[in-house]
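Scroll down for the structure; my scribbles are underneath it.
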Amino acid sequence: MCIVKTLHLITHVMKEYNSQFTEGSDFSLIEEQILEFWKENNIFKKSIENRDEKRRFVFYDGPPFANGLPHYGHLLTGFIKDTVARYKTMAGFRVDRRFGWDCHGLPAEMLAEKELGVSGKLAIEEFGIEKFNNYCRNSVMKFSREWKQYIDRQSRWVDFENDYKTMNLSFMESIMWSFYQLWQKGLIYESIKIVPYSWACQTPLSNFETRIDNAYRQKTSKTVTLAFELLDAPKSLIVDNITAYKILVWTTTPWTLPCNLALAISPNIKYCGAIINKEMYIFSRAYLKNFEDHCKKNNIEYLIHSDDICYLSLEYLSYKPVFNYFIDIKNAFKVLVADFVVEDEGTGIVHMAPGFGEDDFILCKKQGIPDIDDKDTSKLLATICPIDDGGKFTERISDFVNMHVFDTNDQIISILKAKNLCFKTDQYLHNYPHCWRTDTPLIYRAMSSWYVEVTKIKNRMIDLNKDVNWIPSHIRSGQFGKWLENAKDWAISRNRFWGTPLPVWKSDNPNYPRIDVYGSIKKVFDDIKALEEDFDIPIDDLHRPYIDNLVRPNPDDPTGKSMMRRVTDVFDCWFESGSMPYAQLHYPFENKELFENYFPADFITEYVAQTRGWFYTLFVLSTALFDKPPFKNCICHGVVLDTQGQKLSKRLNNYADPMEIFKQYGSDAMRFLMLSHTVSYGGDLLLDKDGVMVRDVIRNVIKPMWNSYNFFTIYADIDKVSARVISDLDEVDNIMDKYIMCECISTIQSIFNAMEEFDQSVGNYGYNIKAACNSIVQFFEVLNNWYIRRCRSRFWSSEITKDKVNAYNTLYTVMYYMVKVSAPFLPAITEAIWQKLNFQEEESVHLSLLPNIEHITLKDEDQKNIQYMKLIINICGCVLSIRNVRNIRVRQPLNKITIYSYNNNNDLFNLPVKYQNILLDEINVKSIVFKSNIEDIASFQLKLNFPELGKRIPEKMKNLISLLKSNQWKVLENGQLMLGIREGEYYILEDNEYTLNLKVHSEFASTITLGPNLLGVLVLDNTLTDELIMEGIARDIVRIIQQSRKDNKFNVSDKIDVVICTQDKMVKNSVQAWYEYIVQQTLSLSLVIHENLDANNVAEYCKTTMKDRNLTLFIKKL
């Protein structure tokens, strides 16, 4: 049984004292007072300025969009950022926490379109780009005040005064510089490619934008299997009386059929020919069963002519187009051969629409389809991709002009049926990419875009990724590593309005081609082109349309007629956020030394999907520009969902307003819930709507910490004791003091290890916030439910003895250390305790340094102390569990426990007397008996793991079964299990090849374990004598009096009179025998017992009853 579970059991069974100190504690109000204290005293500012500028810890705060309110995901990220920043600050580092805002891009434009009532690029251009962008500029920070309120209330320290915005001129100039550098390195090119396209936003997306935020979701599409009629019969298939040869093609996008320009078959597929009504249908051999099933279902007679048709028989055959919109295109409407065609789905033959498929585009381009010069970009795109920005067909597709492509599917299928070309239709459920902003299904279309040639630097990115400490560690070679291995060139241009413009000017006359790329506004560097130098005009805004007005003659045109005009695209906003490490500092124009000395960042965190978003774009640009990874350590946290695993949304009404949670419970509880959960380590948090999980943190974490502080102050104030911090363990001689001090030092070290050391079990260096939180929880469990409870009598004694002072000093010392080390994880409540305990150190706990325990060395004796104490805590848990199950009151003393040692365990046999005494007192038992013959009370049951044994010694399986049945096995002194006997054939089994279960033969027995190790078995003697019963009654009376004191709100130091009325002889005898014990425990100055009592004599007393003993008890405060 683990220590924490044991202590929970002790707390539950003993009905511990904690509750008396927590009633009325308003942690939310306490937090608000602390927030005000930090603000009034500039504690955050001091926490930065008090640290050495040359000893920096750098973390990047990813810029959010400020046009919506923060959600729980933002809070989680913020809690992790703030915790690490506070921890490193207390470790002595200077941690700047500059906040940033993502201002450009689709989120801002979509909001502006909605609020302005304009939709689409043409409408925006008619409205006016200048007016539209000005609206975006003014609305993009719409919720910045609310963001600040949320962040402040979550006790997160952020520098808003020096925030950066991606729309600032300085930030945008650094983006210009980075693009110029990429251009100079040969990593930028313009090309026509098939890209994911949001027709709702009227812009292309990056390939990674289709992989974030669950962009893929199920969609039902109407599919069609249609027949393309060959113009010539395949020579190997010529048969008399065949009137037509048709190729069957399956497609999930019927709307692309009007743009069909070719068909593709595979050299690796065998094809079939089947005859229906004198027409031969050709399809892959793998499709034959589907073909036959369809024919049988619809009573269609067919004859299989051949199932071994070679692709060579079909290559370059011409076919009749289904639609005549491209009848004039040379080289079109032929059967082409391509390796990408597979037979897993469909007919093994694919229709090619080069404007709407990547493979289609590449294959047709190789074949010169269409026969248009690549340089004539506009004509090529208008031909192969005849749709407008909104996804509607243009005039070329005359039958469907101005119809959205998705709306044409049914009409196209109807036309196919009318032409007798439709073989079958189906509904097809598949995962399909959707726009991350509008939730509309994307299309893939040909567009001219500007690209970063990521494939050129992919291998270097893979190498640099090995130097990053990912948390969790599997991200390195898993989610992020695999993404890098499959990295594609990045389309960074967007044909939108509100964003940093691409600094590219092109000649408007293709006869005099020229491209100018600019890297700065003013001429700062000799080798970087500057806008003001070439255009001879001051520039104070790079946004459209002002930047578009910069036009100059083409220097390469001797006629002087052509002009240099800027390409109209703006940057993908992911390029902007990926540039924040240097752009926030206006590098290289300012802060050059600061950036170069502290790049890459020490730490970064966001949720795990950013491996395909911000983390990725940071990595691309950092590798390309600086040949370095952008960060050294990265936490990829998980996602906050509702209890059903659904995304939190207003529509589902499945989450509580975070500010209401903060108002009711405070933010520390929410912080610790998230930090201590696997969500801080990549898992998902299923958060209830009613705040139950947050309340649990109050009860299990914050209250225990507060209780320990409260316990100290109550009794220290009564005794007027000024405690001090113990600096040397040698000063401590009390066994309980020594234990809790050692446990404190061990806990601090475990937190340091979790946050800073390499952990082989999880494969990363530090930043294990969950483990650090668990250490804090476990310590305060031990402090409250073991140390303080076991030492209450020392604090309650009436005299100020040396032992009492030592107890105060010990509790004060561990609170001093633990408040410090817990401060990053519970910043507000630890600050409150720090202020109240007046440690006479720094003004704030967050200005102090983490505990320095290097000078404190735990000796072997100290380690043994911890081991023995944990052992007796476990034994206590076992005994209390038996009492609980067998309904034996804890206050009822018992005669003895017998402990049977397993394998002569020395920890049990050598348990010192002083620990035995603590154990006996705790479990309320009179004596311990140790025995070694465990077989008298328990037996082992061996179960072999045959699959594992079969891997190692498969030929011995019969022998093993025989030995097991004959019970020929034993555990050796070294802990290994031997099957067989040494004189004959025997086998030493590995740990994973068997399980050994111990079965006890008494209902009053329990196994004793420490960690994974079996130590022995204990048996509780439940025999009761009159003496034991009377002592139990005395303890019950003490409990009733204490409960009555609490119910009547007496102070813990109040003296009382007690009157007991009962006719129970056993109760009378008990009171007489245990009189001194009862009055001492309850601070009673008198205790009188009566058989009958006049109510008038106790009119001023508080009354309570003990029903199972027919006892009435009266107390009065003196």
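Numbering starts at 1 and runs along the chain as it is shown here.
In case you wondered, yes, glycine gets a Cβ from its N, Cα and C as well.
Annotation comment: Swiss-Prot describes LYS650 as ATP binding site, evidence class sequence analysis. According to DSSP, LYS650 (ATP binding site) sits in a coil region rather than a helix or strand. Proximity of LYS650 (ATP binding site) to non-local residues of its own chain (separation of 6 or more, Cβ distance below 8 Å) is seen for none.
Summarised by DSSP class, the composition of the motif ''HIGH' region' (64-74) is 3 helix, 1 strand, 7 coil. Feature annotation from Swiss-Prot assigns motif ''HIGH' region' to 64-74.
Sequence-distant neighbours of the motif ''KMSKS' region' (647-651) (same chain, 6+ residues past either end, Cβ-Cβ under 8 Å): 71-72, 214, 639-641, 687. The motif ''KMSKS' region' annotation in Swiss-Prot covers 647-651.
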